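Contents: one structure, followed by commentary.
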Amino acid sequence: MILITLEHIPAHVSFSLISVVTVIYWVTLVYQIEELSSSGGKGMIVTFGCITGSLVTRSLYSGHLPLSNLYESFMFLSWSSSLIHIVIEIWSRDTRWLGTITATSAMLTQGFATLGLPEKMQQSAMLVPALQSHWLMMHVSIILLSYATLLCGSLSSIAYLIITSQINRKIVLIANNCFLRSFLTHKNGYSRGQEENDLENAFNFPLTNSRQYQLTSQLDHWSYRTIGIGFSLLTIGILSGAVWANEAWGSYWSWDPKETWALITWTIYAIYLHTRINRGWQGEKPAIVASLGFFIVWICYLGVDLLGIGLHSYGWLI
């Protein structure tokens, strides 16, 4: 009973803290307040520590790794988002954009786990026979970590598409104004050189001098890096799952719904990386593929739990 209470305290503290940190990062993204951005990074570290404490305490009184039901997987997903933030923050100087993605993801996943799920589904239970294996830590933890990493990369691509669409609209608006000015003043000595100079400024200013362009460059860069890492983790998770399936069910692959959607997810991100590495695509085209992957990951992760079918439906929702 004491351990259950000790588990709930850091879980609720971390949720309250990550909610505040999320607001901080959204404010700093707009107003660029360095002090708030620094406090947001420290808040993510404390949040990571609290979630870690909650998961460790739960594993102590349950006797197994806390990855056996929907509540525990969502808590681990929130923990993974916090970990990704801390790792990228070590490599990157400006993490305001990062915090709006990782902190929001951690808050929403943990909020769904603690507030959205019934209390009965939040309770720890005995492992089903198929999960009573040393492969639980290897397979499930790697898969969930890959989901969190891929979701972070896909959200970066979605943010990239939103911001670039705003930049494109700005370019079109400025260009139209220049053409209109050229038409109205051409008879009054508006030279062709002046016209070309205005057009050059119209197309170069939003791309080279605006903060939006710098942000899109960072988003595109880190989306590629995180998806690359997430794809590697997903590959390891699928391979380890195949070995575990052979031990538990006598077959490496049985086209279970979860296995099928995992393969679809792997294929989508393989296409993304192929276009980036071999074809040299950058910008909007690969970002669209990565954005599609965001929805595929959620179907793979929650689809089986919502339907309650297949060999993987341990913590189904209905």
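Along the chain as shown, residues are numbered 1 onward.
Glycine residues also receive a Cβ, built from the backbone N, Cα and C atoms like all the rest.
TrEMBL does not curate its annotations; it predicts them automatically.
Keep in mind the model is a prediction, meaning the values are calculated, not measured.
Copied over from TrEMBL:
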TRANSMEM  12-31  transmembrane segment
TRANSMEM  43-61  transmembrane segment
DOMAIN    67-312  domain 'Cytochrome c assembly protein'
TRANSMEM  73-91  transmembrane segment
TRANSMEM  137-163  transmembrane segment
TRANSMEM  222-245  transmembrane segment
TRANSMEM  260-275  transmembrane segment
TRANSMEM  287-311  transmembrane segment
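Counting same-chain residues at least six beyond the ends of the transmembrane segment (43-61), those with a Cβ under 8 angstroms from any Cβ of the stretch are 3-4, 6-8, 10-11, 13-14, 17-18, 20-21, 24, 72, 75-76, 78-79, 82-83, 85-86, 89, 99, 102-103, 106, 110, 124. With respect to Cβ pairs under 8 Å, the transmembrane segment (222-245) is most closely packed against 137-163, considering the stretches 12-31, 137-163, 260-275. The list of residues near the transmembrane segment (260-275) in space but at least 6 beyond its ends in sequence, with Cβ under 8 angstroms from a Cβ of it, reads 143, 150, 227-228, 230-231, 234-235, 237-238, 241, 281, 285-286, 289-290, 292-293, 296-297, 299-300, 303-304.
Averaged across the domain 'Cytochrome c assembly protein' (67-312), the predicted model reaches a pLDDT of 79.
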